[in-house]
Amino acid sequence: MPFTLGQRWISDTESELGLGTVVAVDTRMVTLLFPATGENRLYARNDSPITRVVFNPGDTITSHEGWQLDVDEITTANGVVSYIGTRLDTSETGVVLREVMLDSKLVFGKPQDRLFAGQLDRMDRFALRFRARKYQSEQYRLATSGLRGMRTSLIPHQLHIAHDVGRRHAPRVLLADEVGLGKTIEAGMIIHQQLQAGRAERVLIVVPETLQHQWLVEMLRRFNLRFALFDDDRYAQAQLDSDNPFDTEQMIICSLDFVRRNKQRLEKLADAEWDLMVVDEAHHLVWSEDAPSREYQVIEQLAEQVPGILLLTATPEQLGMESHFARLRLLDPDRFHDFAQFVEEQKHFSPIADAVTLLLADQKIGNDELNLLNDLMGEQDIEPLLQTANSDREGKLAARQELISMLMDRHGTSRVLFRNTRNGVKGFPKRELHQIRLPLPTQYQTAIKVSGIMSARKTADERAQDMLYPEQIYQEFEGDSGTWWNFDPRVEWLMGYLTSNRDKKVLVICAKAATALQLEQVLREREGIRAAVFHEGLSIIERDRAAAWFASEEDGAQVLLCSEIGSEGRNFQFASQMVMFDLPFNPDLLEQRIGRLDRIGQVHDIQIHVPYLEKTAQAVLVQWYHEGLDAFEHTCPTGRAVYDSVYTQLIAYLAAPENSEGLEAFIQHCRKQHDTLKAQLEQGRDRLLELNSNGGEKGQALADMIAEQDNNIELVNFALNLFDIVGINQEDRSDNLIVLTPGDHMLVPDFPGLPEDGCTITFDRNQALSREDAQYVSWEHPIIRNGLDLILSGDTGSCAISLLKNKALPVGTLLVELIYVVEAQAPKHLQLTRFLPPTPIRMMVDRKGNNLAAKVEFESFNRQLNAVNRHTGSKLVNAVQSDVHEIITLSEDQAAAEARKVIDAARQEADEKLSAELSRLQALSAVNPNIRQDEIDALESNRQQVLSNLDEAGWRLDALRLIVVTHQ
């Protein structure tokens, strides 16, 4: 093409320079000025990597002054183009804009514009873009969306609760599962779903001070949720940045004490417009009608302002009726306003529970029971269902299940209360106790005697604490020269046990970090035992490394030595051997220790080894825990209640262990109290509530569905393809691990979600559960989500050119592969993507307008194509530009017809599902007062907005690929 001064060209290799202007031409060279950057480039006239830029009628162009022109016609004089059209800002027609006056900061937004401007992408990027569109659309539609990306085992009851509650508008519920059933994980799953769906953006977690770091770690490690921890220092720092310090972060964890201490701070917190608040250990909020505690009032004030509330608490039976009512009152003060009325209501639910038990028993239903069921559901004609349920006909089980579902919907608090027990959930191991009685060394005997004389002024509590840890007493007297580990028989026993069981992973827990550190040194120096240490002095990253070393099967540590505080929130199901080097002070801490191994998913029975010194507080405590509470071999829901009631006597025995008079009778008294309380708890079990909480077949179906998706290889292939194209380095490690590090030439300087020093990932859920240093990558992981956004929000892969070597077709045959996207713009909280995610429509159109896409599958066709370099590609495009324009025009009507089908189907699905959900809630609100009117109103509003936005859905060309047939 001849060059003329004033023409506009673009560089094929440096498109970031913008639009260039020809400023000098001689016989061999041409000079382009790029005004956007002020740079000049010199090119050879023949075969230079630049492309002529000429717009077409229908395009909108921008002048260097900023105004825009809709092009109606084009004229050329002496090789320079002028555009004639309508000016958008003044509506003036017949306006002439010479190409030399075009804006130099030109951005080609449409794929066809980029194609004609020579801004061609690599073929593999086009393929990645299409796959990204396809997979993203599929993922949005899955029923398990929001539930798959967590580093958790697939536990049916947890998935059921998260699926039910996570999809609600502003959920207000009580999570009251027994210990070890994963309330924290359920809460995290709900938070994760609410955030992903756009139902929540600002989340507050209020916890006891000792659990702050545990929550921080759990949210980050399991759900990839980065919370900010607010304490006095962080609050003071945030005050410099905002009038309301809590506005500086979207997701915050703070302690209840931090909020309670300062009235102004509480007001700021209440004003911060949270969408969801989680309160852990909510059973500690003391309430009575006459005198609610300050802590209760604090949470009550926040609960009045925050639309979504999750309260994590002990089981209702443990709490007692009044305390249970107090939690429900926080969730819905209008519904639960009168305690006496609440007690009366609860009595009316027993016939419902009886009816469910009857249906579950698969026995014939008598006349009295039939009348009861008719009375309970009097507003509906259930006679046909009852007849089927009471027969031997096909459909009997389905009829009974439907009746149970109908009863559950009417159950008083099953929408606001979820409570699972170990009795109702399978998958827990046995626990076996091994007591190792050891002699008390003379060194300790002497230290204890001297301590008794010197600490006469200490309280019984303080003396009891001292007596539990004789090594601490000894070390205090001896100072740095004390070496208790040289004579303590527990150390000798531990070394012997570990050397005899070198093939077993062993978790050793002791109360103090100093003890753990000293034991590590002894084990390493004396026996060469590899032991990782885990204590509160380590950073989260250091704890991760210690946990990963312990978890590793190859060259991993045999032992993990944990302090009491350091082990909070960490679980090691892959190990089944536990040694308690000493004992904790109360039953809750004991259960917390055992809970490190005793989790759902533990496949072996747990062996609990307790080496204790005779004639010490340890000997008293091990006997009390085992014989008085049965706390080692079974979970002990009564532990705290018994502990509180006998605290003074227990402390007296621990403070003076040599005085054992009456100890046996005391322990028998505790056991009797434990048995009585346990029987009361069992009697108070609510079978219907348990049935609703564990989800039954629904929960199992969710788990099976996710497990099947976990085994799909598509994610691995896509992710590795994404990392290659983005420029992320990958290094394979053993055990299904990959180390990712930023490359030198990435598509973006900083890839969101990838740390500067890299990270270790795995696509294997089980591997992620045992390797805490490895991130579990799923479709919901930030690295994948950010990768999808990076590709799809920009123009990566939006136009390409390929050669098809096929002798069955004439040379020069032209095909255009077009990817249209059907989409609707709407606020995220409407979750339009459930019905209409950005959906790709793939077309393969020839010169005659025939769409061949249905006959040519993408992946197999893509493998037959060959790449073209950018320079050759630009020449090909210029040669067939008019044909491509015509093919795109021919495709538009076909694309519109396909898009309309997609939109109509989405609208029909949305109308059916949302109307059914609304009708169900409206019908149930007549028989179940726990269905809030604001929930019904929100659903109706949501339905109307969803349908309205779907009516306005549109489509656009997202990417295209030019394919030219060759025989070479």
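Numbering starts at 1 and runs along the chain as displayed.
Yeah, the Cβs are placed from backbone N, Cα and C, and that goes for glycine too.
Model, not experiment: these values are computed from the prediction.
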Worksheet entry | 280-283, 348-351, 476-479 - the range that Swiss-Prot marks as motif 'DEAH box' | 280-283
Discussion item. For each of Gly180, Gly182, count the other CB atoms within 10 A of its CB; which of these binding-site residues has the top count?
Written reply: Gly182
Worksheet item: Would you say which of the binding-site residues Val179, Leu181 has the most Cβ atoms within 10 Å of its own Cβ?
Response: Leu181
Worksheet entry | Cβ packing number for Asp177 (ATP binding site), 10 Å threshold | 26
Practice prompt. With an 8 Å cut-off on Cβ-Cβ distance and a minimum sequence separation of at least 6, pull the same-chain contacts of Lys183 (ATP binding site), or say none.
Written response: Leu175, Ala176, Asp177, Asp280, Leu312
Discussion item. Can you give me the residues near the recorded ATP site, meaning same chain, not Asp177, Glu178, Val179, Gly180, Leu181, Gly182, Lys183, Thr184 themselves, Cβ no more than 8 Å from the center of the site's Cβ atoms?
Written reply: Glu186, Asn420
Practice prompt. For Thr184 (ATP binding site), just count the other CB atoms lying within 10 A of its CB, please.
Written response: 19
Worksheet item: By the DSSP assignment reduced to helix, strand and coil, which category contains Thr184 (ATP binding site)?
Response: helix
